Amino acid sequence: MSALGAVIALLLWGQLFAVDSGNDVTDIADDGCPKPPEIANGYVEHLVRYQCKKYYRLRTEGDGVYTLNNEKQWTNKAVGDKLPECEAVCGKPKNPANPVQRILGGHLDAKGSFPWQAKMVSRHNLTTGATLINEQWLLTTAKNLFLNHSENATAKDIAPTLTLYVGKNQLVEIEKVVLYPNYSQVDIGLIKLKDKVPVNERVMPICLPSKDYAEVGRVGYVSGWGRNANFKFTDHLKYVMLPVADQYQCVKHYEGSTVPEKKTPKSPVGQQPILNEHTFCAGMSKYQEDTCYGDAGSAFAVHDLEEDTWYAAGILSFDKSCGVAEYGVYVKATSIQDWVQKTIAEN
């Protein structure tokens, strides 16, 4: 079991460990703990229940309850002597975001509203975003990873040049970077940390969805460390509430798509985004609020009211709209879900 998700064993009758051998109860631990009274035509069964620390949950087929058998082994009815594991809770921020906040020159993130938001600093001190998806892995864009690197750079070249912060400026070490196989069309990369991060109210992964939340009109929240209304990088995490836009209108607005993304005078911002079946667009809010340079890599976070859980519907790829163009562009989480799971399992 991971030290970060260490279980707490709660024992019936304090620290008593005993086994019923016919009519005799044999102590195997704490002599200072009294035996429970015996009853006629019955016997004492001693149990242990595993529970997880706050912000973790049991990952097991059983119920976490183990009994001591005649061989002095603790076993669970469902999983035998296999011990349960504690995994990090995802998508349950302590202080969920409130409506109508903004990234471009607006209100600050409340403590713990976006605990999955990470700040990544690339070579030459450029700030970008990344999104924590479990205790040891983050999603960001391939373009973020390649900032100030040549197109011939490898993942091994890139990893040592990055600096990453989670929570309240908690520096974490990067073990490796993994790029999506076709990252020129699907602008995504994964970052693996050297160690798992302890999960708490300031550091918590967002959940990846099993269904597509990028429906036209659905509202999501995007947090970020990118440039503000004065085009200066902010020292404080900010966020904005944006609606998913009609894809056809988005493509029409940018007059098409380029793969990979490139500069063009046709675009309202002088640069053409990647637009395909793996992307969706989000428009500006009714207050003309928007994302901007440096926000890429952040999640388009949606709140599933029925589950009371926050999911990453997508990852911001094109962050150059900055209130000038009408749409930001995001990579769909459902398009990369299988690759993410496979990559994490293999690494």
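Cβ coordinates are placed from backbone N, Cα and C, and glycine is handled just like the others.
Taken from Swiss-Prot, the feature signal peptide covers 1-18.
Looking at the domain 'Sushi' (31-88) alone, the prediction's average pLDDT is 88. What Swiss-Prot records for 31-88 is domain 'Sushi', and it gives sequence analysis as the kind of evidence.
According to Swiss-Prot, the feature disulfide bond maps to CYS52-CYS86 (among others).
According to Swiss-Prot, the feature domain 'Peptidase S1' maps to 103-345, an assignment based on sequence analysis.
The N-linked glycosylation site annotation in Swiss-Prot covers ASN125 (among others). DSSP assigns ASN125 (N-linked glycosylation site) to coil in the three-state reduction, outside any helix or strand.
In sequence order, SER122, ARG123, HIS124, LEU126, THR161 make up the list of same-chain residues 6 or more apart from ASN148 (N-linked glycosylation site) whose Cβ falls under 8 Å from its Cβ. What Swiss-Prot records for ASN148 (among others) is N-linked glycosylation site.
Of all Cβ atoms in the shown protein chains, 6 besides its own fall within 10 Å of the Cβ of ASN152 (N-linked glycosylation site). Sequence annotations record features per position, and here Swiss-Prot assigns N-linked glycosylation site to ASN152 (among others) based on sequence analysis.
Packing around ASN182 (N-linked glycosylation site) is summarised by its Cβ count: 13 other Cβ atoms lie within 10 angstroms of its Cβ, all protein chains included. Look at Swiss-Prot and you will find ASN182 (among others) tagged as N-linked glycosylation site.
Annotation note: CYS281 (disulfide bond) sits in a strand segment as assigned by DSSP. The disulfide bond feature in Swiss-Prot is assigned to CYS250-CYS281 (among others); the stated evidence is similarity to another entry.
According to Swiss-Prot, the region 'Interaction with CD163' annotation covers 259-264, on the basis of similarity to another entry.
Residues or ranges marked as disulfide bond in Swiss-Prot: CYS292-CYS322 (among others).
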Task = Translate the DSSP assignment of CYS86 (disulfide bond) into the three-state scheme.
result = strand
Ask   = Hey, what's the Cβ neighbour count for CYS292 (disulfide bond) at 10 Å?
value = 25
Secondary structure at ASN182 (N-linked glycosylation site), reduced by DSSP to three states = coil
Message = On a C-alpha basis, identify the one among CYS52, CYS86, ASN182, CYS292 that is nearest to ASN125 (N-linked glycosylation site); the candidates are the recorded positions.
response = CYS292
